[in-house]
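Enquirer: One structure coming up, written as structure tokens, with questions to follow.
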Amino acid sequence: MAPGASNEKKTDDEQASKENFIHLCNPHLEKMKEDILYHFALGTGTHDFPALFGDVKFVCVGGSPSRMKAFIAYIAEELGLGSTGCDYPNICAGTDRYAMYKVGPVLSVSHGMGIPSISIMLHELIKLLYHAKCSNITIIRIGTSGGIGLEPGSVVITRQSVDATFKPQLEQVVLGKTVIRSTNLDEQLAKELMQCSKEIGQFNTVIGNTMCTLDFYEGQGRLDGAICLYDEEEKLQYLKKAYDSGVRNIEMESSVFAAMCNLSGVKAAVVCVTLLNRLEGDQISSSHDVLVEYQQRPQKLVGYFIKKCLGKA
């Protein structure tokens, strides 16, 4: 072998070792001639995934299609890849289940509300990134939440997603059997996001646990649902117990998000703004303008993080 050949191979091996590709925990996919991502209206037989998505490095997901369209317009302008008034087509226009937008290395995808909806989206998103041969991906959920012991408008970067009994796990029934999956999130990524918030210096940000519940009303101890069979004292005892365990906010997607990203070897974070302090009430009563500004805070933080990673901050 020529002297330079082994060096070249070593260099290739070193390069490959630096690339962190998506890991699919499903051997059956290798046997499929075509993979149809039904809820995205995309498929490997009809779309060139590497050409469409191969340059993606950052994926931001959130509940509302309009919010994710607003985010892609915001990040495009921040990265100098677009201008005010630019229109960004919905890549998933063939379906009304989810919306997807892309600019440069950033993909913005809506996931709907609750664990079932985000779970379906993540299955197809993770496969999309795999088929596109993406590497070194960071996925961040940006959204809204109810705070515990925090002023409204505070931003929470999730340390762990915990269930309604404050355990850092996702319990799922598969083929009639209960499966327990870890819901830890990337600690270093959380620290980097926290540092970004300090550099921005515009709003209160904390790192804390996020409680992920199965519904918005009883599951979160609200008193204002159609059904409520507990009193205010019991509610406050529960929320204070949550606070004492390290919980700083409540939402409905983080557990399956963390579990699926863990299994796929993807670096992930959850960044949510709190719309109210649940120790002081259940109804979201802030004005529309105030809520709009609150909802922009996770976008600003994650946008700054992306700019910093790309050397544009």
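The backbone N, Cα and C atoms fix where each Cβ goes, glycine too.
This is the feature table in TrEMBL:
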- Arg97, Arg141, Ile142, Gly143, Thr144: phosphate binding site (BINDING)
- Gln220, Arg222: substrate binding site (BINDING)
- 57-306: domain 'Nucleoside phosphorylase' (DOMAIN)
Enquirer: Which is it, of Arg97, Arg141, Arg222: the one of these binding-site residues whose Cβ has the most other Cβ atoms within 10 Å?
Expert: Arg141
Enquirer: For the domain 'Nucleoside phosphorylase' (57-306), provide the mean pLDDT of the predicted model.
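Expert: On average, pLDDT over the domain 'Nucleoside phosphorylase' (57-306) sits at 97.
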Enquirer: Could you tell me the C-alpha distance between Arg141 (phosphate binding site) and Gln220 (substrate binding site) in angstrom, no decimals?
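Expert: Here the two Cα atoms lie 20 Å apart.
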Enquirer: Taking the residues Arg97, Arg141, Ile142, Gly143, Thr144, which the record names as binding phosphate, find the longest CA to CA distance and state it in Å to the nearest whole number.
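Expert: Those residues reach a largest Cα separation of 20 Å.
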Enquirer: Counting only residues 6+ apart in the same chain, whose Cβ is under 8 Å from the Cβ of Gly143 (phosphate binding site)?
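Expert: In sequence order, Gly62, Gly63, Glu251, Glu253, Val270, Val271, Cys272, Val273, Pro298 meet the Cβ cut-off.
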Enquirer: So if I measure Cβ to Cβ from Gln220 (substrate binding site) and keep only same-chain residues at least 6 apart in sequence, which ones fall under 8 Å?
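Expert: When sequence neighbours closer than 6 are ignored, Gln220 (substrate binding site) has Gly146, Thr213, Ile250, Arg278 within Cβ distance under 8 Å.
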Enquirer: From the binding-site residues Arg97, Ile142, Thr144, pick the residue whose C-alpha lies nearest to the C-alpha of Arg222 (substrate binding site).
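Expert: Minimum Cα distance from Arg222 (substrate binding site) across Arg97, Ile142, Thr144 lands on Thr144.
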Enquirer: For Thr144 (phosphate binding site), what residues in its own chain, 6 or more apart in sequence, show a Cβ-Cβ distance under 8 Å?
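Expert: Same-chain residues close to Thr144 (phosphate binding site) (Cβ under 8 Å, separated by 6 or more) are Gly63, Glu251, Cys272, Val273, Thr274, Leu275, Tyr294, Gln295.
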Enquirer: Can you count the other CB atoms that lie within 10 A of the CB of Ile142 (phosphate binding site)?
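Expert: By my count, 27.
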